[in-house]
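Each remark here refers to the structure printed beneath this line.
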Protein chains: 2
Amino acid sequence: MKILRVSDAISIKRSVDSGTEEQRIAVKKIIEEVRVRGDEAVREFTDKFDRVNLASFLVSEEEIKEAYELVDSYSISVIQEAAANIHSFHEKQLRPTWITTEENGTMLGQKITPLDSVGVYVPGGLAAYPSSVLMNVLPAKVAGVERIVMVSPPSDNGKLPPAVLVAAKEAGVKEIYKVGGAQAIAALAYGTETISNVDKIVGPGNIYVALAKREVFGDVDIDMIAGPSEIAILADETARPHEVAADLLSQAEHDERACSVLVTTSEKLANEVAEEVLKQLEELPRKDIASKSIEDYGAIYIANDMEEAISTINQLAPEHLEIITVNPIELIGKIKHAGAIFLGRFSPEPVGDYFAGPNHVLPTNGTARFSSPLNVEDFQKKSSIILYSEQALNENAEKIAAFARLEGLEAHARSVEARFKK
Amino acid sequence: MKILRVSDAISIKRSVDSGTEEQRIAVKKIIEEVRVRGDEAVREFTDKFDRVNLASFLVSEEEIKEAYELVDSYSISVIQEAAANIHSFHEKQLRPTWITTEENGTMLGQKITPLDSVGVYVPGGLAAYPSSVLMNVLPAKVAGVERIVMVSPPSDNGKLPPAVLVAAKEAGVKEIYKVGGAQAIAALAYGTETISNVDKIVGPGNIYVALAKREVFGDVDIDMIAGPSEIAILADETARPHEVAADLLSQAEHDERACSVLVTTSEKLANEVAEEVLKQLEELPRKDIASKSIEDYGAIYIANDMEEAISTINQLAPEHLEIITVNPIELIGKIKHAGAIFLGRFSPEPVGDYFAGPNHVLPTNGTARFSSPLNVEDFQKKSSIILYSEQALNENAEKIAAFARLEGLEAHARSVEARFKK
C-alpha cells in the first residue's frame, strides 16, 4: 500500500462509468419497447437476459413463506433487529407540516406530503443484499409512502434470494416483482399491465440500470447514481494498526474500484498499517478484489499535524469517514464534508452498513460536498402554504404591485389590484 | 378559453425543451473551451454573444452605488421589505444538527452543514428580475453558505440592470460577475483565473444555460431545470370571476408556453371567467404572449363535485395552486401535489411571487408529485453521525458479523471482530 505525504495532491474522484454508446442505445430500446408493449416486452427481456420464463412476475405469498423456511432463525432475528434500528433512526427525521401566523391574518408554512409511490431496485447476481432492501425501503415506509414496489432480477431458478425476500417482508413491502435490468426501470417509470408506474425509483444496479434511471429521470424522480464505495480513516498514534487495516480492507473487498484511504499524523501507524494490510489480505476470501482495489485506489497519507489531516479529509469529502484519534468527538465540528462519520475505534464502518440505523446509501465520489445520505425527506415533498387576509393584502397590495411593475409584469399587478375594485 | 368537463383526460405536461443537437454540441464546446482556457475563453464568448468587451467581469463597488442611485427609493424599500420577508420565512426552515444517546453509550445523529459555495445564475435579456435574485440567494444565505457568487449576462452597455444589483446587495451577495450563458455555468463549475468554482449552481436561464447545467451536473450540484410556469385555480361559486380571470392572466403573461387552468364546480363561474379573460386580455401590455398561452395551454374544467375537482388538481400537480372556495383551509389536507398553495381570494399568486416569503422557485410540469420549492435544505447537506461504545459494539458484534457473512462480505465481519482480539 502506497504511503505519501498529504502535500502530494490527492483526490478520490474516479471517472463515473457513463456506459458505452452501444449500452445507451440498448437501454433506450428496452425502455421504448416496454413503454409500447408493456408486459409482453418485459417478459421477452426477462427471458433473454435472465434466462427464465415466468408465469407471473409477482412474488407470491407462498414464495415469501418458503423464504422464511430457507433462512436460519438467527439471521431472521438479526434482520429484524437491524430493521427496527433503521426504522427508529429514520423516524427521528420526520418533521411535521408547520405554519406561522401573524396578527394581521397572514399564515405561511410548509406542508409535508409523502410521495404516492416508490420503486426500489434490488440488484441480483451472485450475492444477495438484504441490507440494501432495508436501507432503501424503510425511509420510504417511515416517510409515509403508501405504495412501495420492489423489483429484482430472478435467479435462473425463477426465484429471488430468500434473505432478500425476508428483508422485504420485514420492511413492509407488499408488492415484489421478479423483474430486473433496464426493463424493470422502464416498467416502474411508465407502467405495464401488471406493474403500475411509480413517482420515484431508488436503489443501486448495474450499468444498464443506472443508464435506464438517467433516461427516465424527469418523468419520475430518481436517487443519486452511486459510484464505487470509499472509506477514509483519520487516525493518530492511538489507533491500533490491525483495526485500521481491517477497516480499510472491509471497504476494499466491495469492488476493485473501491477506494480505501488512511490519513494519519503518525508515521509509525502508517508503516504498521501498510504491513497489516498485506498480512490480512492474505487471509481474505475476496483477496483478489481487495488487492486490486488497494493497489489501484488505496493510499496512506501522512500529515504534519491534525489540522492538515482534517483539511485533507474535507478535500476528499469521503463517503465513509472513521475518526480514530484520542478524542474523536472534538473533531466533528471541523469535518465539513463526509457521508457518514464513525467515531472512535468501537464504531467500525460495518456498524453503519448493517445495523446502527443511519442509512448506508451515501454520497460517493466527492459528492458529499453537496449531497446527503438517503433519508426520509427523499420520500417526501413540501408545498408552500400562503394565506393573506384582506387586511394583510390591503397593507401590502401597493408594494406587491410596484414590484411586479418593476419587472414589467402588469397582469401580476392587476391580479392584486383586482381584489380592491368593484 | 376552452371549457371542458374534467372527465376529459387532462394533463398540463408539456414536452421539456431539451435543445437541438446543434445546441448541445455548441454548449459542450463552450464548456470545454472555458475549462481549458479559462478567462480568455469567457472573454471571447462574452464578446461574441453579449457583444461587449469588458475590462473586468467583476461588478465594482462603484457600479453598486450607481445602481442605488438609478432605482427609486420606493422600489428599494419594497425590495428590502421583500428580502426581509423571504429571509424570515427561510430562517424558520433551519434545523439543528441532532443526536440521540442511549444508555449503552451509542450516539447517532445527523450533522447539518452548509455547502461551501454556491453560484446563482440570473438571466439577462430585456426584463430584469430582482425577485429571482432574492429567491435564489436568500435560502443559500440563510443556510449558512459562506461564498455566494452571482453571474448574469451584461447588457450591451456592459452593465447589469440596477434593480438586479440592488437586490443582490440587499441579499448579501459580495461577488457578482458580468458573465452569462453556458460560459458562466462552465466558469462556475470548473473555475477560471478570476472566478473560483462552486459546489452548486442554481437559478433559471435560457436553453443554453439549462443545457450547460445538465452537462456539468455531477461535478457540481444543480437545482431543477424549470419548465414554463403554471397555475391551477380551484374555485367554487363563491369566487369572483374578474379576480379568477386576472389570476389566470398573471400566469399567462409570463410565457407563451405558460399554462393557466381553472377547475371549478360552478358552470356559471366557468362561463363568466371565460368572458372576463377575453375582456381583460384586451387591456394587457403583454396581450400577445398571454393570448397565445391561454389559447394553447389555458383551459377551464367543470367538475361534478368538489371531490372530483380536487382529484383533478392532484392529477395536475400544479406549480401554483389557488384555492378560492367558501372554506379553502378545510381543503388543504386533501391536496397532495402542488408547489405552492394560495388560500382564499386575498392570496393571489403574485403575493408569493414577490413578497410573502415562501420561495417562488417551484416544481413545474407535474414534478410537484416528487419535488419541493427551493428551500434552505437545498443549500445544506447531512452527514450521519455514528458512535458505538465498547459496550454497544460488544453487545452487537456477533449480529453485525452474522449480517456481513449473510452477504458474503467476510472482511466486514472481521473489521468488527478485530476490536475484540489481541
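Heads up, the Cβ atoms here are built off N, Cα and C, so glycines get one too.
Listed in TrEMBL for this protein:
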type	residues	note
ACT_SITE	A:GLU319	active site, proton acceptor
ACT_SITE	A:HIS320	active site, proton acceptor
BINDING	A:TYR121, A:GLN183, A:ASN206	NAD(+) binding site
BINDING	A:SER229, A:GLN251, A:HIS254, A:HIS320, A:ASP353, A:GLU407, A:HIS412	substrate binding site
BINDING	A:GLN251, A:HIS254, A:ASP353, A:HIS412	Zn(2+) binding site
CB contacts under 8 angstroms to A:TYR121 (NAD(+) binding site), restricted to the same chain and 6+ apart in sequence, sorted by sequence, are A:VAL151, A:SER152, A:GLY180, A:ALA184, A:ILE185, A:LEU188, A:ILE201, A:VAL202, A:GLY203, A:PRO204, A:GLY205, A:VAL209
For A:GLU319 (active site, proton acceptor), the nonlocal same-chain Cβ neighbours (under 8 Å, six or more residues apart) come out as A:SER229, A:GLU230, A:ILE231, A:ALA338, A:GLY339, A:ALA340, A:LEU362, A:PRO363, A:THR364, A:ALA368
Expected list for recorded positions A:TYR121, A:GLN183, A:HIS320, A:ASP353, A:HIS412 against chain B, Cβ threshold under 8 Å, sequence order, is A:ASP353, A:HIS412
Check: min Cα-Cα distance from A:GLN183 (NAD(+) binding site) over binding-site residues A:GLN251, A:HIS254, A:ASP353, A:GLU407, A:HIS412 goes to A:HIS254
Spacing of the two Cα atoms, A:HIS254 (substrate binding site) and A:HIS320 (active site, proton acceptor), in whole angstrom, works out to 13
The most crowded of the binding-site residues A:ASN206, A:GLN251, judged by neighbouring Cβ atoms within 10 Å of its own Cβ, is A:GLN251
Per DSSP (three-state), A:HIS412 (substrate binding site) is helix
For A:HIS320 (active site, proton acceptor), the nonlocal same-chain Cβ neighbours (under 8 Å, six or more residues apart) come out as A:SER229, A:GLU230, A:ILE231, A:ALA232, A:GLN251, A:ALA338, A:GLY339, A:ALA340, A:PHE342, A:GLU349, A:GLY352, A:LEU362
The sparsest Cβ environment within 10 Å, among the binding-site residues A:HIS254, A:HIS412, is found at A:HIS254
Across all protein chains shown, the binding-site residues A:GLN183, A:SER229 give the max Cβ-within-10 Å count at A:GLN183
Cβ proximity for A:ASP353 (substrate binding site), under 8 A, sequence spacing 6+, ordered by residue number, returns A:SER131, A:HIS360
Rounded to a whole number of Å, the separation of the Cα atoms of A:GLU407 (substrate binding site) and A:ASN206 (NAD(+) binding site) comes to 48
Pairwise CA distances across A:TYR121, A:GLN183, A:ASN206 (listed as binding NAD(+)) top out, in Å, at 13
A:GLU407 (substrate binding site), Cβ-centred 10 Å count of other Cβ atoms over all protein chains shown, is 18
Not counting A:TYR121, A:GLN183, A:ASN206, residues with a CB within 8 A of the CB centroid of the NAD(+) site are A:PRO123, A:VAL151, A:PRO153, A:GLY180, A:GLY181, A:ALA182, A:ALA184, A:ILE185, A:GLY205, A:TYR208, A:VAL209, A:ALA212
Spacing of the two Cα atoms, A:ASN206 (NAD(+) binding site) and A:HIS412 (substrate binding site), in whole angstrom, works out to 49
What DSSP gives for A:TYR121 (NAD(+) binding site), in three states, is strand
For substrate, with binding residues A:SER229, A:GLN251, A:HIS254, A:HIS320, A:ASP353, A:GLU407, A:HIS412 per the record, max Cα distance (Å, no decimals) returned as 56
